[in-house]
């Protein structure tokens, strides 16, 4: 159990290491994604205007209306405290925002026609709109025009209209029908009546304007909604009565101006509402005081008349007590009736406050009835005296109370300030709140790195080819003669080399390259394979194109020639062979011309700059390459070359594409198959072996080509590191 667990952990570690190295191998892809992500972020920051935010604070104080002067102690019962949510809705209402829109002409929207994301990215135009109480000023870089009147028919509200300037005139064009609505002169008032309605427009400018602009007169609901998209109100804390106002926009001066205008409008409507309540109460008192004064005068005349007629009346202590109680009850009744009349203007009879006040009034009437019944038992003269005296006292106290309330309300109206207090006004911001440039750049780096890593992983998953030589040896039971790493020199010049007519031989130009060192290590294995082979002919084949057959063939032939061997390399890929590019030769004369009898053997065998190395190019592409390669002429050619040279290397076409490689391998002693790292599939190698077996040909082994350094496993990585360390020491020597 322990051994199995340890093996599993080791395999997992190797897998993670291979994954890590595969990402390092694709660092260019990841870096490219990061760069592209940064470029996109920079373009976004260039095209996105800065967004600013302004704030203000409002305190909503306890609401004590003018009716409190009349209701007295009952005002605490009648008064309804307005929650913060009610004031928030008022701050968002058309009542408040409509005044701001009308005052600053915020219902007029002007923009350039080049205002899309792409236009802002490429166009140098800088547009700015300044809203003023009497006009709207629009700036296009250094050019300015001022709209002082723009009254249009209702049918054109909320519609974009093209505004064009030319030769001191302007024209308005319907963007939907592209028809000119009207034409007017600048720097004067223009009035025109059309079938749609009356137009009254005044545009002033001192500049020569030749551009086209879009102008829109919004309806009140649309203008309010336009403000509400960037405007918010919320209570600070819970039940604090402090409201926080926030407004955002791209023009910091404009948003500060708008938010302060909202504060002024809200404060004014609050004062006007409270003043209206006070005025309503004063109007009620103006109606009640003269009538009450008249009633008091009548009561006093009756009482004085009674006293003159009967001089003085002996009133007992008991009668005085009844009189005091009666006056108190009648005064309370009169005051309560006044309160009921005042509250009746605000509440229905079913309101709890009205029900409670009516219940109190009923209780007082009941007590007055009981007291009147007691007073009837007194002597007639005393009873009449008490009634008249009570009437005078009640009217006097009630009149005095209402007169005091009236004077207090007049003073309150003169100093009315409302129940809201502006704690903080809007102050022009300094720094924008968006876009957050540093965060966006950092995020773009992480996003680019993530996308690059994801693409690298997907690319690695798609590259499901052979990545380990042991996989070939275990599944196909054949040796891998060499694992050839990707040459750093070849990798850096691969795109250039494909386009050139001449491809340099790596074994000549960079003889100490790690790929060449791997091929040198294969010489011993080839020597043992040839010792038991029927001849010295070696075929280099592969299952598919672009596995590196020509690269391996050329450099292997060069290495063998450098060890004082006579080597011939034949380009048997008569369709697409390009061995001639390695030796800076023409394709003709070549193998095709030799087999067709058009050229002699001495003519097609050409010597190269590498001592001991000769080459036969493919020649002109024939119509029947398979027939030529299966002919006796080709067989005889190979037999002659086998005797003349120490090694004959034949570069063949892909086995799975055409049968040429199988035909050639029937004549050779050693057959090697090239597999490309992470590209060649195991299934391709199995099919290739089946093709050879069907033809009765033995495959000696494989060469795993183009192993990438950073994505190699432990064994490959060790070989790489050793080669690089050895090369570095050599250079230092």
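Using N, Cα and C of the backbone, Cβ positions are placed for all residues, glycine too.
The transmembrane segment feature in Swiss-Prot is assigned to 19-39 (among others).
Under the heading transmembrane segment, Swiss-Prot lists 438-458 (among others).
Look at Swiss-Prot and you will find 542, 543, 544, 545, 546, 547, 548, 549, 550 tagged as ATP binding site. Mapped onto three states, the DSSP output places residue 542 (ATP binding site) in coil. The number of other Cβ atoms within 10 Å of the Cβ belonging to residue 542 (ATP binding site), over all protein chains shown, comes to 31.
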Same-chain residues at least 6 beyond the ends of the transmembrane segment (438-458) with CB under 8 Å of its CB atoms are 19, 22-23, 26, 29-38, 40-42, 44-45
Within 8 Å of the Cβ centroid of 542, 543, 544, 545, 546, 547, 548, 549, 550, the other same-chain residues by Cβ around the recorded ATP site are 654, 674, 676
Cβ atoms other than its own within 10 Å of the Cβ of residue 548 (ATP binding site), all chains, total 22
Most Cβ neighbours within 10 Å, among the binding-site residues 544, 546, 550, goes to 550
